[in-house]
Amino acid sequence: MWIKLLFFFTTLLVSTSGLGDDGITALLDPNSTEFSTVLPSNNSEKFSYMLASVKNMNMTASEFEEFIKVLKHRQSKDHSGEHVGNEHDESHGISVVSWHWDYVKNELVLTLFFIVIGLFKLVYHHTFVTRKILPESCCLIFIGIAIGFFFVGDATHASIKFLEFKSKVFFFYLLPPIILESAYSLKDRAFIENIGTILLYAVVGTILNIVLLAAALLILIWVGIMGKYNLSVMDILTFASLVAAVDPVAVLAVFQEVGVNKMLYFMVFGESLFNDAVTIVCYNLAIEFQTLPDFTWYHGFLGLLSFLCVSIGGLIIGLICGAISSFVTKFTTDVRVVEPVVLFGMAYLAYLGSEMFHFSGIIALIACGLFQTHYACCNISYKSFTSVMYITKVCSTLCESLIFIILGVMLVNEREWFWTDWHPVFSAVSVVLCVVVRFGVTFFLTYFVNQFTGGVRHISFQEQFIMSYGGLRGAVSFSLVFMISANPDVKNTMLGATYAVILFTNIIQGSTIKLFVKWLNIRLAKKEDHFRLFIEFNNGMVQHLSQGIEDLCGDKSLSLINRMSELSKKYVRPLLEKNYTANKAKKEGKLVELNRAVAMREALNNSPSQSSFQRQHTIDEMAESGALPHDLLDEEHQGHHHHGQVHPDNEDADQRANELIKDVSSIRQLMHNPFEDCYLDRNLTHEEEKEQARLKMKKTRAFKFSSVRKTIGFFGKKKSVRRHATQQGILHSAIATIGVQSVDRPSTSTRVSVEDEEQGLTMKEMEEEHPLMTITESEETSF
């Protein structure tokens, strides 16, 4: 029998050159009479004979299926090389120019899409009218709809095969960069102080949204207001779970443009991030409940345990991967280029590991990203930190844009129009209930937050309205509805309602959120910056008074966040941070640091060469917000000051300074030396050593500035006296600033600039010697 089978297999491989997947699938049923219609005409009789031979071999069904699988695998390999093979067969020589469209079609079109996304963002942000009317996500959906109409006649999707939505591609390639970039952006004091409120909205609020929305839909269906539908209780629960996912991309963009206060921004941002994780867990539970014959309270209890296990398991895996990445980056001083690889690799490993154990990959990725920003980023260099932040931002932006374009394409380029099987009443009621339930749950939970929790400050009615109105639906809801494996009628009903919810929230609510932010007079971050020093001083005084009262009463209580911070400083940071000491965080008072940042910001805003300091101003803001360690900031300052220093030789310092001031090319060379950015060492091994050497050399050169003065002695003998020239040293330190101002302004202003720079350096020395006096003067000025 095996000899016959081998002969049959060989003959079949030779004769399957024109056989498609449908033809091979037809062979799985030996009694099928339709296999001859899908086979080539010249091979029909041959396959009939071979099929009869298979029947005579007495093969079992499992053996036959295994044989067909091998045949399919062999055929796929043959077809994969068919294009190249045909070209080699047809070509009879060396071709100078050839056309390989089928070989690079998908990759080329995808690359063009990325370029189009970049050009669209450039045009969008330079078009004031479009940016004022529509959010960016709406414009991307419209672009996808236009592309879908262009290929609307292609029923097989062959032209836009790469734009077909696949849930695995979304959850393994498009969603992780978005979640990781969001996790990296959450390192802020406002997020840490409001973590309890954010989790309350994300966990309890999401569950309440699902339960209330499902209950309202069931009641309306039971009463008969919406008519009769073939939707079961579990189908309604699944639909409520998938439309509860919040994706406020447009809202956050408006918040950044308007400049709302940090508390409102991070509450909406953090709630939407954790909301996605809770929504996916609840959706998976609803899918598992559908497979049960009868739902009991015992199954509900198991579902609650599964929810806790999935969430806690993902949290543990994320923390473990974050700790490993932080520990590994302690030893990357000699190989700086691997630092981004370690951070990205461990973060993605946390996501995949959690999914492998059926835990929440989103929770694992959030935990790993937050852990890396607090510990691993303290070990990496400033260039690696900048690379990590920019790479995640670019990938996140591309993935978000591609998701919205795919949403628009699939809206009009489905196998059937989405409105052929949709129910307008069900979709309209779903949209209204999503908005109403969101408002009700937000106001209900905010009442308890304002009454019974120790929040940082009261959440006003205007902010509650914006938080409720900003509950847009997007990519997660769109992806989850495609994963439903119910009957076509049920899936099309849910798909049409989900499309209606996504389009309404993004187009209507996303377009009007900016108007509500302005009309409701939401508290902005700029108003808080004017009194920030006073607020910090007031909070510190209240905290010290509270500690004193607690000591007198004998009852000392610390919040959970403070206890976690103390444990981190005592045990975790010495283990995971490089060169960490207990007094590292206390080397400078908080008020002194904040006052220096405020003074620097005011000086940069009042400087006529403000545009030249735009990059440094951004670095200062990152350091103040905690996104950039101050040690890295000091290294950056060292690098910039080095550009302004000139090694004084034996020639006169004043003459050399005047030549530098008059020569624009020398000034530009001092401000930006292209050879400084080139690293011959690909591993960036000696980066920190170079920075330390530059700082040491700068201090050494400061003592070499001197001038020679000729005097006459008692007996008329001339002699030369060399002494330190402080004015010349200050002039050399100010060369960079003078150069920038000399390019932008006439040369008559250079003397004033020198005097301002000397005054600034004098104030800086006074501040270093008497920091308390500087704080007092700054406070008197602010009052």
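The backbone N, Cα and C atoms fix where each Cβ goes, glycine too.
Note that the coordinates shown come from a computational prediction; the quantities given were computed from them, not determined experimentally.
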Membrane side match, Gly345 / Lys518, Swiss-Prot record: yes
Listed residues Asn230, Asn379, with the one flagged N-linked glycosylation site by Swiss-Prot: Asn379
Cβ-Cβ under 8 Å with the transmembrane segment (351-371): same-chain residues at least 6 beyond its ends: 171-172, 175-176, 179-180, 182-184, 186-187, 273-274, 276-277, 280-281, 309-311, 313-315, 317-319, 321-323, 325-326
Taken over the topological domain 'Cytoplasmic' (257-262), the model's mean pLDDT: 77
Dominant neighbour of the transmembrane segment (133-153) in 207-227, 263-283, 300-320, 425-445, 493-513, by Cβ pairs under 8 Å: 493-513
Among 109-129, 207-227, 263-283, 465-485, 493-513, stretch most in contact with the transmembrane segment (425-445) (C-beta, under 8 angstroms): 207-227
Outside the transmembrane segment (207-227), six or more residues from its ends: residues with CB under 8 Å to it: 233, 236-237, 239-241, 243-244, 278, 282, 423, 425-426, 429-430, 433-434, 437-438, 440-441, 444-445
For Asn379 (N-linked glycosylation site): DSSP state (helix, strand, coil): coil
Contact between the transmembrane segment (236-256) and the transmembrane segment (300-320) (3 or more Cβ pairs under 8 Å, separation 6+): no
